[in-house]
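Asker: Sharing a structure here in structure tokens format.
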Amino acid sequence: MNKFLIIDGLNLVRRIYAAIPDENDMESLTERVSVACTKLLRIHHPTHVAVVWDGDEISWRKQLYPDYKKGRKPMPEPLAAGLIALQEHLQNLQIQSIYAAAEADDVIATLATKTAKAQGEALIVSTDKGFSQLNHPRISQWDHFNQQYLNIAELEQKLGVDRSQFLDLMALAGDSGNKIPGIPGIGPKSAAELLRTFRTLATLFSSLPNLGAKQAKKLAEGRDMARLSYKLVQLQTDLPLNINLRDFRVNSPTKASSNNL
């Protein structure tokens, strides 16, 4: 069975970079990233590996909602300047890259989903909780920095809702880190309480007459913003990838399947 290790490139690299005392020391960054990737291969024994990188195009999310991720600090100049050399170094280690047009998240989600549907196993290396919406028994997530799999029970306890309600929760409460608006006046706690009672957005919005007047008014006025927020948070899982598994085989290119994804 194929096991695809899918590394969220900037999620890994930027956190390693932040721990380096000298921001211009790209040699140390390259060494630490190489060690991290080698460790990932040693621990998880994948048949295939790829690092997925964000692209420079304006994402469809930004076009849909211009405030999306507004205010985020730009990539530090030394890192931006040294990124190509780092990617080339990984290629020399037989760790190939996939370059998204805009955001890597949708490419990662698509690659993981297609791998799972092809009866393979996908392991996403990222600290991004947004990947928890990929609820499939053959898709898992690994936090390299804490050296552990995403604990769904802990995540559900923290969010206050089931994993299957993640998108609905974000639609109501938003996500301040990504500037996802949610519904004004509905915070994470009240959103979780509503979803524990009504289970889904559809049921919630059809039950507004059963709520208090003030809360019902907030929800009614924020319905369109909830729909927008849901769309912004939802990962695309059906992008055309146009890649060949052979190119991402770990250490055994001559034995690779010629399957396309």
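Glycine is no exception: its Cβ is also placed from the backbone N, Cα and C atoms.
For reference, Swiss-Prot lists these features for the protein:
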{"type": "BINDING", "residues": "Asp105", "note": "Mg(2+) binding site"}
{"type": "DOMAIN", "residues": "164-256", "note": "domain '5'-3' exonuclease'"}
{"type": "BINDING", "residues": "Leu172, Ala173, Pro181, Ile183, Ile186", "note": "K(+) binding site"}
{"type": "REGION", "residues": "185-190", "note": "region 'Interaction with DNA'"}
Asker: For the K(+) site (Leu172, Ala173, Pro181, Ile183, Ile186), what does the 8 A shell look like? I mean other same-chain residues with CB within 8 A of the CB centroid.
Answerer: Ala171, Gly174, Gly182, Pro184, Gly185, Gly187, Ala191, Gly222, Met225, Ala226, Ser229
Asker: Which three-state DSSP class does the residue listed as 'Mg(2+) binding site' fall into?
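Answerer: The residue in question, the residue listed as 'Mg(2+) binding site', is helix (DSSP, three-state).
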Asker: I'd like the number of other C-beta atoms within 10 A of the C-beta of Pro181 (K(+) binding site), please.
Answerer: 19
Asker: Count the other Cβ atoms sitting within 10 Å of the Cβ of the residue listed as 'Mg(2+) binding site', across every protein chain shown.
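Answerer: Counting Cβ neighbours of the residue listed as 'Mg(2+) binding site' within 10 Å gives 22.
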Asker: Are there any residues at least 6 positions away along the chain from Leu172 (K(+) binding site) with a Cβ closer than 8 Å to its Cβ? List them or say none.
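Answerer: Counting only residues 6 or more apart in sequence, the Cβ neighbours of Leu172 (K(+) binding site) under 8 Å are Gly182, Ile183, Ile186, Ala191, Leu194, Leu195, Leu201, Ala226, Ser229.
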Asker: Determine, from DSSP, whether Pro181 (K(+) binding site) sits in helix, strand or coil.
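Answerer: In three-state terms, Pro181 (K(+) binding site) counts as coil.
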Asker: DSSP on Ile186 (K(+) binding site), three-state: which is it?
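Answerer: Going by the DSSP assignment, Ile186 (K(+) binding site) belongs to neither helix nor strand, so it counts as coil.
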Asker: Do you know the DSSP helix, strand and coil residue counts for the domain '5'-3' exonuclease' (164-256)?
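Answerer: Secondary-structure composition of the domain '5'-3' exonuclease' (164-256): 60 helix, 4 strand, 29 coil.
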Asker: Under 8 Å Cβ to Cβ from Ala173 (K(+) binding site), same chain, six or more residues apart: give me those in sequence order, or none if nothing qualifies.
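Answerer: Ala173 (K(+) binding site) has long-range Cβ partners Gly182, Ile183, Ile186, Gly187, Pro188, Ser190, Ala191, Ala192.
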